[in-house]
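Trainee: What follows is a structure written as structure tokens; I'll ask about it next.
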Amino acid sequence: FSTIGPYLSLLPPSSEQLSGGSATLACLLSGYSPQGAMVSWEVDGAEMKEGVLTTTEEEKGGHYCRSSTLTLSKARWEEGEVYTCWVAQDDTSDSAVFRRSPCSDKSHFRVLESPHMVLVLETVFKISMGVPQGSILGPTLFSVYINDVALAAGDSLIHLYADDTILYTFGPSLDTVLSNLQTSFNAIQHSFRGLQLLLNASKTKCMLFNRSLPAPACPTTGPSVRPTVSLLPPSSEQLSGGSATLACLLSGYSPQGAMVSWEVDGAEVKEGIQTTTEEEKGGRYSRSSTLTLSKARWEEGEVYTCRVAHDDTSDAAAFRKSHLNSISSAVC
């Protein structure tokens, strides 16, 4: 059996947790095979043994997932700078690193991609100025940002709009046209991914202008594969720290474009949600989303639901607080 490395995400503590006097980092592993992935934590290069809680591995469809949290006091959190989640699996290892800025004026996080397909989160300084809504400078800056994408079009012509991209190609035969179009589409998709922009392949349309030939099968990205959805409840350490974080893991799906939403007792929740960008590995995609609530809000609710919309289908994973081990069949 071949080894499939885990999709690895590292989520920093929320502002709600820090205000409650503690800090919990969550390391999420999903989509790997075989089982046996081991997790360890380091703070500034020193291994941490206390405050670590790692779940048992769960299996669905031949792939495994698990999570690990590191809970620290607020004082210990403020002493450290570099927090690392190490994962060892089948003689290989990966790591996800969170670097805490010593500057207190931080406001949001940036997601980067490492050579090992690991999500790396680092702090950036607060934005103190911007572009007013409706200003011509806004689309101008965006145009500058995506301008080099046109270089990837190859033999096709390209028109770039605010939220649409059009490719034009022509040739002496149908096979030539389709081959050129598919090659250009793949190159454009790869170029956008490098800019942290995603093309919604499920909404891509192909139009053929020919008076004599019937409409052909247009270039596609392959059959649709639904995501494996896993819902992880908050740990006892988080609850004792004054907050609760639920994690929803999506893995192994195609094409990209899976959207995540949260509900508490059937009512949609907008605040306290952090969703990562989609990551691609071997033609399949993964992402994760967390919902962070205050301890009081957590105690008010009963049913917590993560809803996933993907390629005209939907799935849901639910966690019922009164039955700590009862998770819906959509969860791995």
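Cβ coordinates are placed from backbone N, Cα and C, and glycine is handled just like the others.
Per TrEMBL, the feature domain 'Reverse transcriptase' maps to 1-225. What TrEMBL records for 6-99, 227-325 is domain 'Ig-like'.
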Trainee: Please work out the helix, strand and coil residue numbers for the domain 'Ig-like' (227-325) from the DSSP assignment.
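Mentor: Secondary-structure breakdown of the domain 'Ig-like' (227-325): 11 helix, 59 strand, 29 coil.
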Trainee: Under the DSSP assignment, what numbers of helix, strand and coil residues are found in the domain 'Ig-like' (6-99)?
Mentor: 11 helix, 59 strand, 24 coil
